[in-house]
Amino acid sequence: MTAVSQKTTIPSANFSLFRIAFAVFLTYMTVGLPLPVIPLFVHHELGYSNTMVGIAVGIQFFATVLTRGYAGRLADQYGAKRSALQGMFACGLAGAAWLLAALLPVSAPVKFALLIVGRLILGFGESQLLTGTLTWGLGLVGPTRSGKVMSWNGMAIYGALAAGAPLGLLIHSHFGFAALAGTTMVLPLLAWAFNGTVRKVPAYTGERPSLWSVVGLIWKPGLGLALQGVGFAVIGTFISLYFVSNGWTMAGFTLTAFGGTFVLMRILFGWMPDRFGGVKVAVVSLLVETAGLLLLWLAPTAWIALVGAALTGAGCSLIFPALGVEVVKRVPSQVRGTALGGYAAFQDISYGVTGPLAGVLATSCGYPSVFLAGAISAVVGILVTILSFRRG
C-alpha cells in the first residue's frame, strides 16, 4: 500500500468507526432511556419489592452473558457487521415488548412478564451489538488501536446513559411508559439504517481454539472487569429509589453525571491504555471508582451524591479498554470476537448478579449499603488486578 493510499484509508476507517459508534449511541438509548424508569415502574406502578426490581434490571445482563458465545462465533465466522445489525434489530423488538406491557389491559403479573421478555430480548440484542461493533471496529482500524475502538464504543454507550436517563424520566413523567417504549423501539431501527452502508470486514479464518481455552486466556482481566461492574450496577439499579427515599430530586441526573464524566475521561484520556498498558490505568481507575462509591454511601445531600456518581463514572471509564488491551494481546485474531465477547461477559455476569443481591441488601440494610458494597468490590478489583499481573 502506498503512503497516499494509507493517508486516505485511515481517515476513511476513522469515519466508519465514528458511524458505528454513533449507531451504538442510538441503539444503547434502549438501555439508557428505561434504566431509571424500570425500578419506578416495577416498584411503584406494579407494586413489587426491591428484589423484584433487581431481577427486572439484572435479568437483561444474564441474557447478554448467555448469548455472548453465540455473538462471538457469529462475528468471527460470519462477519461482525451481521452481528451488529442483528443486535440493533433485536433491541428494537425489546421496545415492542415494553409497548405491549404498557398498552395491554392485563394484570400486574402479566405486565411484569412482558417487561421481563423485553429485558431478555434486549440482553440478546446487546450481546450481538457490542460484540459485533467491537470486532467490526478492530477490523477497520487494526488491533494496534484496540484501545481507541473500545474507547469510542464506551463513549457511545455511556453517552447514551448520560442522555437517556433524564430524558427517559422526562418522557415517562409527561407521556407515560408507552411513549418511552415506543421511543426505544424506533431508535435502534434508525441506527440500523445509519450503519447499513458501512463496509463490512471479512470473517476471520484459521484454527479456532475451544471456548474454554479462550476463557483461560482472558479470565484475569475479566475478573477485574467484573469487580468494577458492581459499582455501575448498584447505581443503575437503585439510584432512583435511593433519591426518592431521601426526598431528593434530580435522580435522573446521577446517571447523567456518571455518563458525562465517563465520556469526558474517554475523550481526554482514551489513548492511555494503548500508550501505557492496561494494568496501571486500571488500578488508578479503580481507586477513583472506590472514592466515588464511598461518597455516594455517605452523601448527606443530593449534590454530594451527584459528585459521587460523577467520580464513579470517571473511575469506571477506562477500565474496560485498559483491561481489554490485555485481552487483545493474549488471543489470536481468528477468535478476537469470541474473546471480546467472553471478556464483556464477565461484566454482564457482574451486572446480573449484583441486581438481585443488592436488592436483598437494600431491603435489609437500606439503600446506602449497596454503594458501600460497590466500593468494597472495587477495592478487591484493585488487589486482583495487581496480583494477577504482577509478573506482566
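Glycine residues also receive a Cβ, built from the backbone N, Cα and C atoms like all the rest.
As recorded in Swiss-Prot:
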- 22-42: transmembrane segment (TRANSMEM)
- 46-66: transmembrane segment (TRANSMEM)
- 97-117: transmembrane segment (TRANSMEM)
- 121-141: transmembrane segment (TRANSMEM)
- 151-171: transmembrane segment (TRANSMEM)
- 174-194: transmembrane segment (TRANSMEM)
- 224-244: transmembrane segment (TRANSMEM)
- 252-272: transmembrane segment (TRANSMEM)
- 276-298: transmembrane segment (TRANSMEM)
- 342-362: transmembrane segment (TRANSMEM)
- 369-389: transmembrane segment (TRANSMEM)
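Counting Cβ pairs under 8 Å to the transmembrane segment (342-362), the top-ranked stretch among 46-66, 174-194, 276-298 is 46-66.
At the 8 Å Cβ threshold, with sequence separation of at least 6, the transmembrane segment (252-272) comes into contact with the transmembrane segment (151-171) through 3 or more pairs. Where the transmembrane segment (174-194) meets the stretches 97-117, 121-141, 276-298, 369-389, the count of C-beta pairs under 8 angstroms peaks at 97-117. Long-range Cβ contacts of the transmembrane segment (369-389) within its own chain (Cβ-Cβ under 8 Å, at least 6 residues beyond either end) map to 220-221, 223-224, 227-228, 230-231, 233-235, 237-238, 279, 282-283, 286-287, 289-290, 293-294, 296-297, 308, 312, 315, 323, 326, 358, 361-362. Only pairs six or more apart in sequence are counted, and the transmembrane segment (151-171) with the transmembrane segment (22-42) gives three or more Cβ pairs under 8 Å, enough to call it a contact. Only pairs six or more apart in sequence are counted, and the transmembrane segment (46-66) with the transmembrane segment (121-141) gives three or more Cβ pairs under 8 Å, enough to call it a contact.
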